[in-house]
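See structure below.
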Amino acid sequence: MNATGTPVAPESCQQLAAGGHSRLIVLHYNHSGRLAGRGGPEDGGLGALRGLSVAASCLVVLENLLVLAAITSHMRSRRWVYYCLVNITLSDLLTGAAYLANVLLSGARTFRLAPAQWFLREGLLFTALAASTFSLLFTAGERFATMVRPVAESGATKTSRVYGFIGLCWLLAALLGMLPLLGWNCLCAFDRCSSLLPLYSKRYILFCLVIFAGVLATIMGLYGAIFRLVQASGQKAPRPAARRKARRLLKTVLMILLAFLVCWGPLFGLLLADVFGSNLWAQEYLRGMDWILALAVLNSAVNPIIYSFRSREVCRAVLSFLCCGCLRLGMRGPGDCLARAVEAHSGASTTDSSLRPRDSFRGSRSLSFRMREPLSSISSVRSI
């Protein structure tokens, strides 16, 4: 049907689709009920919600830029943890940038986009969210494998494997996000279209939901196993310091699981209801979709706090980066700022130097296994 509610001839819809005309987006939005109460496609007022969305996306971008700059410039360690942190930060940075572009191209600008541009706008956000989720899955898998299989592995082999899995994460995320652009959509098949994302097929959304639900369930299962391993290690530890370390790890795992449930649960529930619900239901909860999507994107702002600032090494890197920036600008902050920066540099050098004897142990037959096992099982997990 068209904007006035009269049916649209299939041949005219196909002609619009073949020509990539923006009028096709108006037809799909009108059929799904998204134009109800808007005053027409030229009504672009989003008000305070749009401002909050822009602020949230800018927060995600700036926060991840800060962590990325600090990690790459002030962390000397190049273990697998380093590459996982960089990968998670990059994916969260892309999530914030994609969400910002999505918000700025929404409203009245939506109806000036060609269908391919609309698919690119939404697909980029799907790709970024998928890359962030797959990166968290890879990190959880590496962390679990390091705990249950503390076997010596050459640095080159480990690095190649990490690079391979990171590349696979991004390849799968890009493929998942661009499937509608490649043809899995519902152009001119209005009965198969989503109500919340009018050009997306309900089957495609259900496919994404199954994948994301499987990934998140796997992540929670891995962290549940890590929780039990760390709890068992803490109970067996005879020293108070080891027990405190185990409790710190337990708190980190609980924070990760809670962040996933709070940030991702509402979005999955909304999309699942969209697949099996009606257009009337979608119209009623349309405004809630914007808030729920913003909540999911805010998970990319929570990730640097959980994964980075719970690590003393990354905390030192961020503090050193900020203090060095202030000193370059000639700003003298609190008296302990310079002292903390010096401490951060000395701590990083100490960490770096402590890794060198570990390499020499690899050449020693008598100390080859027992000296590395505790470092692989506990301290590598603690560093995220």
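For all residues, glycine too, the Cβ spot is worked out from N, Cα and C.
Here is what Swiss-Prot records for this protein:
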- 1-50: topological domain 'Extracellular' (TOPO_DOM)
- Asn2: N-linked glycosylation site (CARBOHYD)
- Asn30: N-linked glycosylation site (CARBOHYD)
- 51-71: transmembrane segment (TRANSMEM)
- 72-84: topological domain 'Cytoplasmic' (TOPO_DOM)
- 85-105: transmembrane segment (TRANSMEM)
- 106-117: topological domain 'Extracellular' (TOPO_DOM)
- 118-138: transmembrane segment (TRANSMEM)
- 139-161: topological domain 'Cytoplasmic' (TOPO_DOM)
- 162-182: transmembrane segment (TRANSMEM)
- 183-206: topological domain 'Extracellular' (TOPO_DOM)
- 207-227: transmembrane segment (TRANSMEM)
- 228-252: topological domain 'Cytoplasmic' (TOPO_DOM)
- 253-273: transmembrane segment (TRANSMEM)
- 274-288: topological domain 'Extracellular' (TOPO_DOM)
- 289-309: transmembrane segment (TRANSMEM)
- 310-384: topological domain 'Cytoplasmic' (TOPO_DOM)
- Cys323: S-palmitoyl cysteine (LIPID)
Same-chain residues at least 6 beyond the ends of the transmembrane segment (118-138) with a Cβ under 8 Å from one of its Cβ atoms are 25, 84, 87-88, 91-92, 94-95, 97-99, 101-102, 105, 110, 165-166, 169-170, 172-174, 176-181, 185, 197, 199-200, 208, 211-212, 215-216, 218-219, 222, 296-297, 299-300, 303
Determine which residues of the chain contact the transmembrane segment (207-227) at the Cβ level, with the cut-off under 8 Å and only residues 6 or more beyond its ends counted.
126, 130, 133-134, 136-137, 140-141, 143-144, 147, 176, 249-250, 253-254, 256-257, 260, 264, 268, 271-272, 275, 381
Could you give the mean pLDDT over the topological domain 'Cytoplasmic' (72-84), rounded to a whole number?
73
Using C-alpha atoms only, work out the spacing between Cys323 (S-palmitoyl cysteine) and Asn30 (N-linked glycosylation site) and round it to an integer in Å.
53
Excluding its own, the Cβ atoms lying within 10 Å of the Cβ of Asn30 (N-linked glycosylation site) add up to 21
In the same chain, who gets a Cβ under 8 Å from the transmembrane segment (162-182) while lying at least 6 residues past its ends?
80, 83-84, 87, 91, 116, 119-120, 122-128, 130-131, 134-135, 137-138, 142, 199-201, 204, 208, 211
In all the protein chains shown, the tally of other Cβ atoms within 10 Å of the Cβ of Cys323 (S-palmitoyl cysteine) is 22
Simplified to three states, DSSP reports Cys323 (S-palmitoyl cysteine) as helix
Residue distribution over DSSP helix, strand and coil in the topological domain 'Extracellular' (183-206)
8 helix, 2 strand, 14 coil
